[in-house]
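These come from TrEMBL:
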type	residues	note
ACT_SITE	44	active site, proton acceptor
ACT_SITE	276	active site, proton acceptor
BINDING	142, 324	substrate binding site
DOMAIN	255-382	domain 'Alanine racemase C-terminal'
MOD_RES	44	N6-(pyridoxal phosphate)lysine
Ligand SMILES: *Cc1c(COP(=O)(O)O)cnc(C)c1O
């Protein structure tokens with residue numbers, strides 16, 4: 001069992017414990033599976049809700065060679081916190097902080113002529129070339145350059161490289177259906193990726209890294225690893241999809257443990273409505289426990305009546321609606337003391353539910369469960385220093 005940090009004097013009513021040793025173990029396990037490629041730990045969206053900076057540090061301690069973020073602001077925040085090494089960010093809007101990224105030695109992604117123009121202008125102003133990854137749309141239909149526009153983008157990038165304004169260091173793409181192992185789109189995207197990379201290389205691009213794999217592709221398709229894999233959800237110990245197995249099946253350990261202290265335990269008669277709308281009515285005389293966490297904390301309201309919670313060794317279910325700040329569980333006559341811990345999700349090996357269980361209880365993906373945990377929930381870091 002992992003060691004717990006001493007509780008602060010004022011115990012937060014609800015907290016997300018983040019076990020950085022679990023995160024390091026996940027990174028080591030993922031690196032072992034991609035022996036031929038480097039590993040990028042994706043820490044966008046505040047490290048999928050776990051805290052970007054501590055998670056980025058722990059990932060690097062465990063050997064992650066790269067860090068990845070969606071926005072440039074996220075990448076710049078990592079640099080400002082002192083994180084060294086390669087950082088790639090890929091979600092740019094017109095007028096974005098290109099100069100700041102170049103000055104901070106952050107790699108950038110380019111999918112279109114507008115962003116190539118902006119990055120070359122910024123490089124000229126900064127007096128230093130930008131490190132660019134050209135992104136191909138091989139079938140996701142989201143960001144990335146369409147095959148029909150690829151020759152123009154490659155030609156323009158090579159011209160900017162000859163002018164000393166950029167270095168094309170990466171060629172990359174992103175999968176649409178890697179979480180469905182037998183989906184034919186993955187093979188089709190892979191074939192097109194090879195073609196688009198081949199074209200760019202034939203024109204003279206010499207990429208340092210070619211990359212397309214996310215967590216599900218990392219775990220199921222070694223033929224997609226190329227030079228670099230971009231792992232997000234797996235770093236946090238969460239399975240990308242139930243079809244791929246649980247975290248334990250995948251050799252991963254969930255990093256976040258979300259718990260709260262019961263703030264009230266009381267007896268109520270049968271036939272008593274519970275929470276807004278009275279969607280739950282006590283079937284008989286029972287006890288209710290009040291959990292001080294709600295949708296403002298990121299507990300999905302869609303889990304009303306379905307979310308699982310471990311209280312005093314027993315699995316309970318959210319009774320009635322989840323409100324903004326609180327919800328209720330029916331304790332079936334048990335009387336745990338006020339202050340007893342209610343565990344919403346964790347590693348799953350102490351009888352507690354997992355983020356995957358919550359995803360299933362409310363019809364979403366586990367990515368959303370951990371990422372949406374709100375700013376009102378303090379992150380409590382466990383095992384901040386590497387122990388192994
Ligand atoms: C979020 C993201 C990833 C990581 O995906 P996971 O499924 O969490 O591993 C990789 N690449 C890109 C472009 C992303 O946006």
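Just so it is clear, glycine is given a Cβ too, placed from its N, Cα and C backbone atoms.
Note that TrEMBL annotation is computational and uncurated.
Feature map: TrEMBL annotations on the structure.
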residue	record	DSSP class
44	active site, proton acceptor	helix
142	substrate binding site	coil
276	active site, proton acceptor	helix
324	substrate binding site	coil
(request) Using a 10 angstroms cut-off on Cβ to Cβ distances, just flag whichever of 44, 142 is the loneliest among these recorded positions. (result) 142
(request) Between the Cα atoms of residue 142 (substrate binding site) and residue 44 (active site, proton acceptor), find the distance and write it as a whole number of Å. (result) 17
(request) Determine the mean pLDDT over the domain 'Alanine racemase C-terminal' (255-382), rounding to the nearest whole number. (result) 98
(request) State the Cα to Cα distance, in Å, between residue 44 (active site, proton acceptor) and residue 324 (substrate binding site), rounded to an integer. (result) 26
